[in-house]
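The structure appears below as structure tokens.
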Amino acid sequence: MENWSLVSICVLFGLTARWAVSLNSYSGAGKPPMFGDYEAQRHWQEVTYNLPVHEWYFNTTDNNLNYWGLDYPPLTAYHSLLCAHDHGFDFCWVLVADLLIYIPAVVLYSFYLSEGSNKKKVCTVLCILLYPGLILIDYGHFQYNSISLGLALWGVVVLGLGWDVLGSLAFVLSLNYKQMELYHSLPFFCYLLGKCFKQGLAGRGLFLLVKIAVTVLVTFALCWLPFLSDPGQILQVVHRLFPVGRGLFEDKVANTWCSLNVLIKIKTILSTDTQLYFSLTTTLLAILPSSIKLLMKPTLWQFKLALVNSSLAFFLFSFQVHEKSILLPALPVCLLLNDLPLPAIWFLQASTFSMLPLFLKDGLLVPYVVTSLAFLFFSIYLLSAFEHCSEDKLRLGPYRRLLICMPRMDLGRVTKWKFYFSITAMAGLSFMSVALAPPDQLPDLFPLLVSVFSYLHFLGLLLYFNIVQIAEPLQSVRKNQKKSN
Amino acid sequence: SVMATPRADDWSWFPALALGVSFLKCILINAYHSTDFEVHRNWLAITHSLPVSKWYHENTSEWTLDYPPLFAWFEYSLSHVAQHFDKEMLVVQNLIYTSPATILFQRLSVIVTDIVFIYAVKECCRSVREEKGSKDLLGHPFFILAALLLWNFGLLIVDHIHFQYNGFLFGILLLSVARHLQGRHLEGALLFTVLLNLKHIYLYIAPAYGIFLLRSYCFTKDNTDGSVRWSSFSPVRLVALGSIVISVGALSFGPFIAMGQLPQVLSRLFPFKRGLCHAYWAPNVWALYNMVDKALSVLGVRLKLLDVAKLPKASMTGGLVQEFQHSILPSVSPSITLICTLCPTLQPKPHPPPSLALSPPAKFHIWCRPRGARGFLRCLVVCALGSFMFGWHVHEKAILMAILPFSILAVESREDAGIFLMLTTTGHYSLFPLLFTAAELPIKVLLMLLFTLYSFTSLKKLFRGSLLNPLETTYLLGLVAVEILCEVVYPLSPWQHTLPFVPLLVTSVYCSLGVSYSFIRLYVSLLRQHGTDKHKQL
């Protein structure tokens, strides 16, 4: 069958799955007084439609910021204004956004920037579209992550095709939709800077740098146009976007600070300022190796790995991280499905699992189970994950060197068994979270177990992806050219 | 018929297809469900809570038991699992009881019993004829057949959204067909008898089975020209068949005959008090007939030929299930529809002049020149479609009885594929009014696009070239216009409140054109085969 019909079928299937999930319960359904994210979106439409621009981010009598105040950059506000004009079913807008922004980017990525036969590319499209985390959050919990992630993906695709200025434009738009895209900003910066260096700073490189800088500044200016008249406006918006007063973490999230808090109550020991500096330093330390490597070798492969490493490091060490932010590393990991199927599938499943407490709160148990099983089955079957499980294919060379003292074992098989064990444990923990009641002294036992378990996975995978990125030689040998790109 | 050797190697794609559609069914668990959900819950309650003697007398709920006894036993066995989910659903007085556990149980029961359907599809795929020559997996007829059956749009939305147990029932039907294709006729007969005792609507295709089995199974040999050899009649086989039918019937109806409740059961099974057309107007001949009648009466009133006060009040176009009278054209009674249904299939056969189209009928055709199990399958499809076209109180879901078996023929012959595409697209579109909620609109549109796109592209690739002529393509594209008209344009127009049935009317009439056309083409193809047989002898 021709490609276009196969891809259309995959896209239609992906859209059907998404809409079917939206038929279930959503965040905050029937839960006064605060309800949930669905109510937040509805409230923003109200605010942007009825109030003048300079009042959107301020606490006024008409706009109580404590009740779902706007805390995303201006593009989200403009989008809410657009949605407010059509009082149709809100989930339609998520579907439309997916269809116009996220899905075309996925299709273009699979067909132009990934390797393999046409069949493999179609399978990649299907597997990326089946990633449960994004489906459940956007259509179950109800958010518009597909817009910001889609724009970021457009940025990657366009950069991969060689159009640097357009790529940076797409990324800046994405950043102006959700400020969490800052997690991806350092790799974009290092990649583009590295490319400028490669082209020589005296000459074409400098010209490219100037072009990109101008694009970025102009796009920012256009997005923030209504707020530029008054510096007080800009400060207030920034204050809403980065709530540093809220502490190191809220609720249970699978990152270092929350997990550390189990052993040492750092939230109470350190002051807010110390917490801020501490997390800042650790984050910077974690992203440094990956960023430097990307600067020195700005290829698409390095770029993808750097995106993973940077966003995952931010997730694990940064300030005020929410569990939904795991979607930010999940996007670049989706791009790795073709190259490193087993680790990618492992990470994506772990990321979905880490959000289990949120899904249970929203009444999304059945969609969670079904989409996770479907994703696992199809990605393992279609991408032949277990056949690409040799030491070589998984690039476990450095591990082999590190474990030189250990007895000789097939690291590929070890990885496979670890994967089986991990998935079984996730299934078991999911079952226990639903079926068993926690003991009275530890009411948060299961969410805590889920987040610590996920954290260990994320940490291990962060190490793995960093090693894969850094261990790659700077000058690739001729015969390995195809593989390392 | 020649049985193709199945690919001995990789059938791993089959579980993938089956699991994929099962996952889709699972996320549709919380979608809209129709009153059929309450119907089955009520039957679970009746069979669980009441003794057998009261099953066909119980009428606390309006949805009384109107399927044959074997289905009641099926519901009884399900109810034993149901009690572990939610005991309250088994209380007869709990009308319209829809706790989350109830919904989960009922939906899962449909998904799990679909395993019969999945097994039947596998057996059908094994029996599909295949040309030699390596093709990639997606181009093989058995793969296409599996996809067309497992992912059938009509079955998905009727079973897993609207709510019914058709997957289970059609599984038994397809398994019976597969057994006949494989030459295992006794098993096929047993399966069909069981099916008849589960849902009596399959009586419409019982004559096809009866004549085929009598002709091809009881008469063990044919003459050289293919006509019946009376001397080869085997009483043993006839007795075997008869004992199967009788024993299954006894198992099913026996207890009720013993209790003297047979008349009551039959009155529940055949309620002729209902109107000619079901509430939503199945796209058959009667839809066109009603349309003409209505149009004539409106015209008559406008031209002052008729007095409005004298016209019968009960109007079919109200959309309710009632008896009514036609205004101008002669009224249609159940017996008339029965005759019309049998006619295409049982006309006496004159000596056909070679050029004329005066046709031997389908069943007579398999008596005179049986073409093995495939001829039987074709006859079955024609019977099913004929009964859909002319039957009394036909529900548009019944189009599936023609579409599903026809899929087997569609992947083997180019002409059949063309008819299949017409019939399936129109038939599936006619099911749209079943899901009328706004939330389900994207689902039905997306799934319809998915199935239609797949069926067109895969069959086109299989038979290398376009399968439909421009007129047919235009008609099918017209379906898009009808959909936009009914879902978008009409609700915004001023007539939405005064004439709310118009979208249903338009859908029904437009689709009946397509379905009638497919029926005629199918019938013609049947006769043409007979014609080629005759020419072969001359």
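Cβ atoms are placed via backbone N, Cα and C, with glycine included.
Caution: TrEMBL annotation is automatic and unverified by curators.
Note that the structure is predicted; figures quoted are calculated from it, not measured.
The transmembrane segment annotation in TrEMBL covers B:12-32, B:137-157, B:163-181, B:201-218, B:238-258, B:375-394, B:431-454, B:475-493, B:499-520.
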| note | The recorded stretch from B:12-32, B:201-218, B:238-258, B:431-454 sharing the largest number of CB pairs under 8 A with the transmembrane segment (B:499-520) is B:431-454
| message | Three or more CB pairs closer than 8 Å, sequence separation of 6 or more: does that hold for the transmembrane segment (B:375-394) against the transmembrane segment (B:137-157)? | response | no
| query | Which bits of the chain, at least 6 residues beyond where the transmembrane segment (B:238-258) starts or stops, bring a Cβ under 8 A of a Cβ in it? | reply | 52, 56, 68-70, 73, 186, 189-190, 193-194, 197, 213-214, 217-218, 265
| remark: Same-chain residues at least 6 beyond the ends of the transmembrane segment (B:431-454) with a Cβ under 8 Å from one of its Cβ atoms are 28, 31-32, 34, 147-148, 151-154, 156-158, 161-162, 280, 396-397, 399, 424-425, 483, 487, 503-504, 507
